[in-house]
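S.K.: What TrEMBL shows for this protein is this:
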- 9-308: domain 'FAD dependent oxidoreductase' (DOMAIN)
- 37, 38, 44, 45, 158, 172, 294, 295, 296, 297, 298, 299: FAD binding site (BINDING)
- 270, 295: D-dopa binding site (BINDING)
């Protein structure tokens, strides 16, 4: 397996970061091959929530990456087959008193009126964001890459990029623990409950401290209820007690969810890292890394992919690693 030409690249990883990066490279005329030990449907990305939200805001690159991704998703929402829709809703908080930096660019952003905030929260914001049906969206990215002439090779476990020739882009998420020998990676276990949609058209999520998250993400036929965030936990076993707690929190916010039939269960390990890594490898400059996005892989996907393209097509500049603090 080779990528020996300057106009070829191998992307390792078939999650949202890998597929998005492959699409961006292919659109730039680079012959791109995605290599993964599993198809997109078996990746962490497939079990993501998933909504756009720059939860890593506070660094210029993160704001830039998330804004570029938001604009791209807004365009994709015009395609009914993409799995992306623009959905209005509320983010509630208990100790924040000012709007985030990204607020001015988000459609319909405003402070909530008192009656729009559920009991237990001190305030909130209303805005409209892209909501992504991940199974459909990953299929959309696969199809888009195929239409661009890209190649998808699943069932091939890459244990070392030294086995590959030419340009390599590492989008392996938590797999970078072993592939890149990266001891900064931390699994962040998450669990979601999927129920039939009883007619909910707006999202809800809270912004509070702790590992118990409350989010309600409506899709056309189902609603994603969340969730949990447990750093250091690696178990992919379903936890019935967690599921009951998630459902109870969401029903307290949206009573129409009471009794909704469960149609799916999702457990995944987010690829946490002390800093997002988007850079050339300092020891092997033909390798570009794009991983460590935690729970914001979707939110940052298009922006980070564009930076990979710039790193690939621009001059190789020696210097210290450019990690983005989280």
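Positions of Cβ are set from backbone N, Cα and C atoms, glycine also.
Bear in mind that TrEMBL entries carry predicted annotations, made automatically and left uncurated.
A description of the local structural setting of each listed feature is requested, covering burial, neighbours and distances.
M.R.: DSSP assigns residue 298 (FAD binding site) to a helical segment in the three-state reduction. Residue environment of residue 298 (FAD binding site) contains 27 other Cβ atoms, counted within 10 Å of its Cβ in all protein chains.
Look at residue 270 (D-dopa binding site): DSSP puts it in a strand. Under 8 Å, Cβ to Cβ, and six or more positions away along its own chain, residue 270 (D-dopa binding site) finds 44, 174, 187, 188, 189, 190, 229, 294, 295, 297.
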S.K.: Just to confirm my parser: what is the rounded mean pLDDT across the domain 'FAD dependent oxidoreductase' (9-308)?
M.R.: 94
S.K.: Can you give me the same-chain residues 6 or more apart in sequence from residue 37 (FAD binding site) with a CB-CB distance under 8 Å?
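M.R.: Correct list: 154, 155, 156, 157, 158.
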S.K.: Among all protein chains shown, how many Cβ atoms are found within 10 Å of the Cβ of residue 158 (FAD binding site), not counting that one?
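M.R.: If we count other Cβ atoms within 10 Å of residue 158 (FAD binding site), we arrive at 20.
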S.K.: If you measure every Cα to Cα pair among 37, 38, 44, 45, 158, 172, 294, 295, 296, 297, 298, 299, the residues listed for FAD, what is the largest value in Å?
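M.R.: Looking at 37, 38, 44, 45, 158, 172, 294, 295, 296, 297, 298, 299 as a set, their Cα atoms extend up to 26 Å apart.
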S.K.: For residue 296 (FAD binding site), list the number of other Cβ atoms lying within 10 Å of its Cβ atom.
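M.R.: So the number of other Cβ atoms within 10 Å of residue 296 (FAD binding site) is 24.
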